[in-house]
Amino acid sequence: MVSASSSDSDSKLPLSLRSNLLDLFGQIEREFENLYIENIELRREIETLNDRLTAEGQTIDGGDLTKGALKTKASHSTSQLSQKLKTTYKASTSKIVSSFKATTSRAVCQLVKEYAGHRDGIWDLSVTRTQPVVLGTASADHSAMLWSIETGKCLLKYVGHAGSVNSIKFHPTEQMALTASGDQTAHIWRYMVQLPTPQPVADISQPPCDDDIDFSDKDEADGDGEGPNECPSIRMASTTLRSHQGVVIAADWLVGGKQVVTASWDRAANLYDVETSELVHSLTGHDQELTHCCTHPTQRLVVTSSRDTTFRLWDFRDPSIHSVNVFQGHTDTVTSAVFTVGDNVVSGSDDRTVKVWDLKNMRSPIATIRTDSAVNRISVSVSQRIIALPHDNRQVRLFDMSGVRLARLPHSNRQGHRRMVCCSAWCEDNSSCNLFSCGFDRQAIGWNINIPALLQEK
């Protein structure tokens, strides 16, 4: 006979794990209670706003807020109110909707290689678009490094800047790198590297990402920061781009590689001719410091991000018309906005959201991803259209373009980043590592991401 008092012992789970699960379930229940209360309050606000709209001759159904805006000139203010209502409603309800977007199989993420050698935090990284395929990192230690992806060995070090190197991008067809720096300049420098013979790598298979538990929030002590002592160096740029009056925070090549764009804390983005080093256009209009810039892979389009909570789309496709569009979808600093291979722009912000926009209709985002930490420089996979989100809280999460969460990269006291993750970058031409991340812990990490076909179809 088994007594009633022994029912709790029927579980095969250890008592400590059961206790943790019950605590987590309690937190989930409280979160849903807060969301439920929030949605009740939103419904009341919708009813109030509907009354105001009705008084001016326009009604909005709380269950369908995707209708067109008012068309008459007299109702301009009502249209703005309607758009604000739609944005508020969509942003709030997306928390609940995305919570129930479950996946039937999970992405598998493996840590493959660590790239250590910088003596300060790494702000940015990029992968070459030409052979040989190498990884580039930009660091606050005033240097940029090129790495063998397979071996983790430093191949070349650029030390031509007098300030923090804030970004690195590679020419689309030639062996040239573009770096932006706190010394108020951007440098273009040529490189020649030879890949070492890769050594056999032991199989370090990991369980699916979401099962990897962070056992400790305690930061490990930094390593000795031993750099690659025998790494050859380049000390002079082939081209130096000047004219900014503040830190140059990012730079990128326009399609074709004959022009580059730079973004600065002086609130301007500059377009330069590579061959002559001359300033072609100064893109002004942001109210605060710029944080990032990105160019379209196939068209003469540029997107700039700023601390003024906006990002701007600059169109240079028509030589006689240089149009600009301003997008105000965030409530805090827009840390980056990047193009996809299609007709989308993805923006990330310190307001803890990532938004997916359609270039053909950018009045409101087509998807909103809400997170628990500020989002830094994001990247989107060309082949799989997966968004990699590096966070202030040391996490890296993966989402698809519709806002469904696919995975969280392994993170524990044994592997992963130990400080803020600053940037992510995808690599389409390497089988072992197809995603890279870097952060304040002075290292870059190469990951292998395997997304089941079923997830990609969702």
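Along the chain as shown, residues are numbered 1 onward.
Heads up, the Cβ atoms here are built off N, Cα and C, so glycines get one too.
Positions annotated as compositional bias 'Acidic residues' by TrEMBL: 209-227. Under the heading region 'Disordered', TrEMBL lists 200-231. What TrEMBL records for 115-157, 158-189, 241-282, 283-324, 327-367 is repeat 'WD'.
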Surrounding residues of the repeat 'WD' (327-367) on its own chain - C-beta under 8 Å, 6+ positions past either end: 83, 86-87, 90-91, 291-292, 294-298, 301, 303-307, 309-313, 373-380, 382, 385, 387, 389, 399, 401-403
Tertiary contacts of the repeat 'WD' (115-157) (same chain, 6+ residues out, Cβ under 8 Å): 163-175, 177, 179-181, 191, 193-196, 198-199, 201, 223, 225-228, 231-234, 250, 377, 419, 422-423, 425-427, 429-430, 432-433, 436-446
Spatial neighbours of the repeat 'WD' (241-282) far in sequence, C-beta under 8 Å, 6+ residues away: 124, 163-164, 166-167, 169-174, 176, 178-182, 184-188, 288-300, 302, 304-306, 314, 316, 322
Helix, strand and coil residues within the repeat 'WD' (327-367) as assigned by DSSP: 0 helix, 21 strand, 20 coil
Secondary structure content, the repeat 'WD' (241-282) (per DSSP, counts of residues): 0 helix, 22 strand, 20 coil
Counts by DSSP class (helix H/G/I, strand E/B, coil) across the repeat 'WD' (283-324): 0 helix, 25 strand, 17 coil
